[in-house]
Amino acid sequence: MKKKFKLSNLYLVVIFIILYVPIFYLMFYSFNSGGKMYDFEGFTLDWYKELFQDSRLLIIVLNTIIIALLSAGISTVLGISGAIAIWYVRKVYAKNFLLSLNNVLIVSPDVIIGASFLILFTFVGIKLGFTSVLLSHIAFNVPIVVLMVLPKLQEMGASLIDAARDLGASRWDVLSKVVLPYITPGIFAGFFMALTYSLDDFAVTFFVTGNGFTTLSVEIYSLARRGISLNINALSTLLFVFTLLLVVGYYFITKRNARPIGLGARK
Amino acid sequence: MSTSTIIRFENVTKQYDNDAAVLDNVSFEMERGKFYTLLGPSGCGKTTILRLISGLVEASHGKIYINDKLVNDVPANKRQVNTVFQDYALFPHLNVFENVAFGLRVKKLKNADIQKKVQEALRFVNLEAYENREISEMSGGQRQRVAIARAIVNEPEVLLLDEPLSALDLKLRTEMQYELRELQRRLGITFVFVTHDQEEALAMSDEIFVINKGKIQQRGVPTDIYDEPINRFVADFIGESNIIQGKMLRDFVVQFDGKEFECVDQGFNPNESVEVVIRPEDLEITTKEKGHLKVKVDSQLFRGVHYEICGYDENGNEWIVHSTKKAVVGEEIGLYFEPEAIHVMRLGETEEEFDARLEAYDDQGVENGN
Ligand SMILES: Nc1ncnc2c1ncn2[C@@H]1O[C@H](COP(=O)(O)OP(=O)(O)OP(=O)(O)O)[C@@H](O)[C@H]1O
Ligand SMILES: [Mg+2]
């Protein structure tokens, strides 16, 4: 029994090593003055310096951030409305059906989503570029926000709304003074998740971008194809660290959610 | 204090979807400034009545009046009625002050007025020092008071309380019963209080409505409900009782357990089949010879204030006795009772018929041991 336990631990460790070693390898050589992914010659920050002097790259970074913030923001608004709509559905099977539709969008492969958006955009005649990327990011972010917000709504229970109505609140008051404040932690969690998904999305963006508009992940891909420069390593390192920060932020928000209600969302 | 009607239900029926009626053709009136209790077992429709009054559900049929105004189409947020909910339903994202201020804020009162009224309401429920606490930092009893303050700060004409004491422990509960009753006197508004605890209902109310299966079985002041239950359900639900089949031989004489007894009931047909109620505390233990009934003690429980003794007579009827004196299990004892202790119930009598019969003997000017 004990041996088996150890074996499973070992398995986990091996998996994590396999997953993380390439990333750390890549990060490690971003500090290599030798300019190659082997033979570590000496520590340097030159690749980072070069990165920050490359104005084209900086614009791409800016694009990526704008797309992430805009799509996360817009999809948060849409996702909240969607979650509230699903929550209001009284028939159980209709509710489950809507929820399944939502979840299918989350689990379906990015390639399929990207390809279908490409077809849609060319069909409708939307020029590939900023708009098409933004629209598709919103599209794959909305289900994520719905999934984050809905449990909070379900946890709220109908009696709070009854109480608000009883105290004289109009429908708008109920929404703005009770429902939204209550689900705020869920909204934040949804927003952060959407942000991370948008920032590191490659497949969907790759399909629907065009006319010179790129985001970081697509750019890294094309740089990597062109040939090895440790620029890419530096850029990937920064991206990795940034995503890590987002994950940590998300962790703290969800931890706050788990606390007893009332402590979490102070006015 | 004016005694005019504040709430009136006219033939109100409530069905959810197409299920059987939860409330079945209910009519009643409630007077201003009184303490009413809706009493009944779980699922009988108590909360439904409150929600119909507050406007959180709509009646399927019938008319509801508040202050002589038809309110069937008035939404909940426009009614001069506030509720203390079964689970309190306090807003967890707001602190105590903001919870109480909620109703005033949505009515867009000035900040200074809100400040004043909220403090006053909190003082009313003895929570003035707790303004800035979070709800999660309050105990059960304190939460309940916040819920009351949140309701009364709006100065409603009717306060609805849905089993507000059910989550509290016995001691706190008794304390809160006094406080609630006192609060109602000070505010002078109508309270409609829901409970399934009969002792609570008897202790607190001006008038009790006993409800079962969506119908009002009996309404009246606590002593009437206790002493003169209209049917088996009410007799059984309000306190413990011994209920046995009997026959009303003629006015003032009832037969049960194979014997004839003098009683104070009348207005029955000769030899009508009836049910007879005797409360356990009205039975007195004596010797076999002196008792009206001979009972063999089967079991005995110590209940604190009294012993609860259970025994069977020679015809196999079960008798429960509450006595401060101890009995010996297995021994035969005698049970003695006064004629006034016997309450005779007509089978299947409605509330109207029951009231008419009682009135009939009052008109004859007969003393009837109430
Ligand atoms: N929204 C609803 N949809 C369908 N049925 C309902 C709904 N609300 C209540 N009921 C039914 O109505 C009946 C009466 O419910 P109500 O809540 O009035 O009972 P109650 O007397 O308050 O009971 P308790 O003491 O348990 O609170 C119950 O049988 C319940 O199942
Ligand atoms: Mg109830």
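Cβ atoms here come from the backbone N, Cα and C positions, even for glycine.
According to TrEMBL, the protein carries these features:
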type: TRANSMEM; residues: A:12-31; note: transmembrane segment
type: TRANSMEM; residues: A:57-89; note: transmembrane segment
type: DOMAIN; residues: A:61-250; note: domain 'ABC transmembrane type-1'
type: TRANSMEM; residues: A:101-126; note: transmembrane segment
type: TRANSMEM; residues: A:132-153; note: transmembrane segment
type: TRANSMEM; residues: A:174-196; note: transmembrane segment
type: TRANSMEM; residues: A:202-222; note: transmembrane segment
type: TRANSMEM; residues: A:234-253; note: transmembrane segment
Using a threshold of three or more Cβ pairs below 8 Å, and leaving out pairs closer than 6 in sequence, do the transmembrane segment (A:57-89) and the transmembrane segment (A:202-222) count as in contact?
yes
Long-range neighbours of the transmembrane segment (A:174-196), counting only residues six or more past its ends (CB under 8 A)
68-69, 71-73, 75-76, 79-80, 83-84, 141, 144-153, 156, 160-161, 164-165, 243, 246-247, 249-250, 253-254, 256-257, 264-265
Should anything in the same chain at least six residues away from the transmembrane segment (A:101-126) have a Cβ under 8 Å from its Cβ atoms, list it; otherwise answer none.
82, 86, 132, 135-136, 139-140, 142-144, 146-147, 201-208
